[in-house]
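See below for the structure under consideration.
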Amino acid sequence: TTVPKMLINLQKQNKAISYAGCITQLSFVLLFAGMENFLLAAMAYDRYVAICKPLRYTAIMKAHLCLVMTLLSLCISIVDALLHGLMILRLSFCTFLEIPHYFCELYQVIKLSCSDTLINNILVYTMTSTLGGVPLGGIIFSYFKIISSILRMPSSGSRHRAFSTCGS
């Protein structure tokens with residue numbers, strides 16, 4: 001939603017975005033950002049299993065587990081996007097306001113509201129720290145275990161193979 005809007009704005013020399021367009025853009029950005037975080041964590045777990053438990057890789061990383069991790073990522077991201085979207089819709093705005101950018105950000109919309117935004121701010125900080133911190137923690141834990149496993153390998157050839165597995 002950002003690129004088509006940007007192309008229209010470049011042609012019309014207009015940087016404003018409508019309220020409906022802003023809500024739509026917010027929802028898609030939150031959806032895809034959340035999915036990206038959780039999918040990166042799933043990829044880190046995949047690398048962890050491939051390096052630290054190579055003999056059990058096919059038993060652990062079955063198609064069913066990959067599907068569950070992907071669908072869980074999608075469901076959590078949809079709930080997050082809907083929750084923020086619905087909380088933005090309950091805000092009231094005193095006057096007709098335009099966001100002077102081609103891209104609509106959650107913080108900008110909350111700042112433009114003339115109603116109480118305490119719940120929105122709490123939700124933003126809670127969801128951001130949870131949906132950012134949990135995947136980040138999983139990624140850090142996975143790569144910590146990978147690095148410690150690689151450092152315990154006796155030969156440099158096996159270390160090289162392990163690092164090349166991480167890079168692929």
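Start at 1 and count along the chain as shown; that gives each residue its number.
The backbone N, Cα and C atoms fix where each Cβ goes, and this holds for glycine too.
Copied over from Swiss-Prot:
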type	residues	note
TOPO_DOM	1-25	topological domain 'Extracellular'
DISULFID	Cys22-Cys104	disulfide bond
TRANSMEM	26-45	transmembrane segment
TOPO_DOM	46-67	topological domain 'Cytoplasmic'
TRANSMEM	68-88	transmembrane segment
TOPO_DOM	89-121	topological domain 'Extracellular'
TRANSMEM	122-143	transmembrane segment
TOPO_DOM	144-165	topological domain 'Cytoplasmic'
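The local packing around Cys104 (disulfide bond), expressed as other Cβ atoms within 10 Å of its Cβ over all shown chains, amounts to 22. Tertiary neighbourhood of the transmembrane segment (26-45): same-chain residues 1-2, 66, 69-70, 72-74, 76-78, 80-82, 84-85, 88, 104-106, 109, 131-132, 134-136, 138-139, 142-143, selected by CB-CB distance under 8 Å and a gap of 6+ residues from either end. Averaged across the topological domain 'Extracellular' (1-25), the predicted model reaches a pLDDT of 71. There are 24 other CB atoms within 10 A of the CB of Cys22 (disulfide bond), with all protein chains counted.
DSSP gives Cys104 (disulfide bond) a coil state; it is part of no helix or strand. DSSP labels the residues of the topological domain 'Cytoplasmic' (46-67) in these numbers: 19 helix, 0 strand, 3 coil.
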